[in-house]
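Lifted from TrEMBL, the feature list:
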| type | residues | note |
| --- | --- | --- |
| BINDING | 93, 94, 95, 96, 97, 98, 99, 100 | ATP binding site |
| COILED | 642-679 | coiled coil |
| COMPBIAS | 432-450 | compositional bias 'Basic and acidic residues' |
| COMPBIAS | 452-461 | compositional bias 'Polar residues' |
| COMPBIAS | 519-530 | compositional bias 'Polar residues' |
| COMPBIAS | 531-545 | compositional bias 'Low complexity' |
| COMPBIAS | 692-701 | compositional bias 'Low complexity' |
| DOMAIN | 4-341 | domain 'Kinesin motor' |
| REGION | 432-461 | region 'Disordered' |
| REGION | 504-545 | region 'Disordered' |
| REGION | 690-713 | region 'Disordered' |
């Protein structure tokens, strides 16, 4: 079916001065109007346009919340996706206009969830409403940065930087389909699992600080959900995919004045968005025969979404500040061209090959059976165990059922008929033999009398002896396990004692001289108070005089260095870093946990009360059935109990639903907390690297070293020294840590 791309406009709230704009309707069609008054400096003869009006499917003001955006923009596309149609939702606009907030969501509150997490929640809710349909869901996350594709969900790589992620290559098939090599797809069976993958991808995204946005996404990201559905007993399956696209923001280099890596990123972003505009213009012109999809990787990936087999919706995010009015008008013009495109969405339905093969095999077997009966030819091959079991079940059902008057096999098979007669004969003979045995047993019991009681006593004694032996065996096993546990506990205590003695020897042992040659870090490059006897190089009298191997010494120094880094991180977190957001997430999580705990207790009490009401209702029903008198009073009590039970069930469902919602909210807050922790770690790593580089540059000057050494003496005790090793990198990190701590101490003392 033909489907015009729906366009929506969303205005970002701002505290700065805004331009003149108006939201209204034109023949029941929402419209957005910008007014740019003429300037007196332009002169009297000025034909410059003042009013710009654009029509949209819906215009959202700055007060609209995320749930309304999802219900209006995303929900119709998702429902069509569940029916088997492809869908795409993408946000377009200048930088710092709210694209990532709309698509992914904010990092502060649960209500700020964007379209992607809400889509995942909605999908799994819809799955539960269709128990007769089997759904399979897979997700992928592609990032396009500087015209290179990266897989954000690769589980085999721990990405500390973007280049560590696997590179995604793009190929085009003979039929025009786009294939992405090295892009992993992950099956998800729950909303929690899907959100975990989303959180992993968001953590690996390329984010940088620009003059217009403190956390600008410098890449295009496409989160794709693949849905496969099949109704029970049906031969056909439906496959669909939903693209949720967060485009990088366009920006004017002359206005932002960026340089270096940010300038390179901005060039690639603007170039790819220009290629997208070329594709949009070509699709809107019916006379164009060539569409330049191959001009960029992004347009190649979104080929189906633009002019293909897809239902597409676009959100134009607008910044209404006075300085951004021109960019907002350009965004609206782009959206008007997008609205001219008509896609042809097709139902992606195909026959399941495995089911078709199984049904054809069954039909062939039926035709063979019919042919055997028609020709009178007997089959010599034996029945399988499964077929024999099926015949035996049919015969048993025929014997026990009072309604079945005949036994039939479809398709007819003489082997099964003969086997059925054989089973019937065996059943009759077995019944006769059992009747004879029971009658003889009764006669024997009448003659022997007390013999049965004695035999029963013997059997009971034998059974008791067997149980006593079993209990004795279990006691021996428990004693053996207890003995092994005590031995293991003693062994662990001895190991801890040896480790403690070894650590005490290291703390009390005097520092041993260095082996061989000169240390790479000489005393001239360190402050005077840092040059200690431990950094002086002497020649050992003999190799045996060195008690500790060098490798062990280096391991201890590295352990001390990791402790120093942890100490620096603790000081950075307490005194330098902005942890307000982290603390807010912790408080929110604590409140959610407390609410879930209280609600869980209420759910358990409600469940217990429901069981008590059910028991009471059963007793009342039994009483009403046994008593003839006071029947009317019992009925009233029963009705009241039934009413109370229904009310309690309704309340239980409400609390249980709220408990499930709390679980989702807690998971989302946990993701936000983890994201804040990752950002804190990144900020610390950047701060640590900056301190290291500044300390290395300052230590190259003898005067700076002397002055910094004097300042260190004012705070540090003279007895505190720094151990230097032969590893140059380790020495640099040691010196960097002490200088960073010195700067922090001075900063705190000056407050």
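Quick reminder: no glycine exception, Cβ is built from N, Cα and C everywhere.
All TrEMBL annotations are machine predictions without curation.
Other Cβ atoms within 10 Å of the Cβ of residue 93 (ATP binding site), summed over all protein chains shown, number 28. Taking Cβ pairs closer than 8 Å, the coiled coil (642-679) reaches residues 107-108, 110, 113, 117, 121, 191-192, 195-196, 199, 202-203, 581-582, 585-586, 588-589, 592-593, 595-596, 599-600, 602-603, 606-607, 609-610, 613-614, 617 in its own chain, all 6 or more past its ends. Most Cβ neighbours within 10 Å, among the binding-site residues 95, 97: 97 holds that distinction in the structure as shown. Shown are the binding-site residues 96, 100; of these, the residue with the fewest other Cβ atoms within 10 Å is 96. Taking the Cβ of residue 94 (ATP binding site) as reference, residues of its chain lying under 8 Å away and at least six apart in sequence are, in sequence order, 249, 250, 251, 319, 324, 327, 328, 330, 331. Long-range Cβ neighbours of residue 98 (ATP binding site) (same chain, at least 6 residues apart, Cβ-Cβ under 8 Å): 10, 12, 317, 319.
All protein chains considered, the CB of residue 99 (ATP binding site) has 26 other CB atoms within 10 Å.
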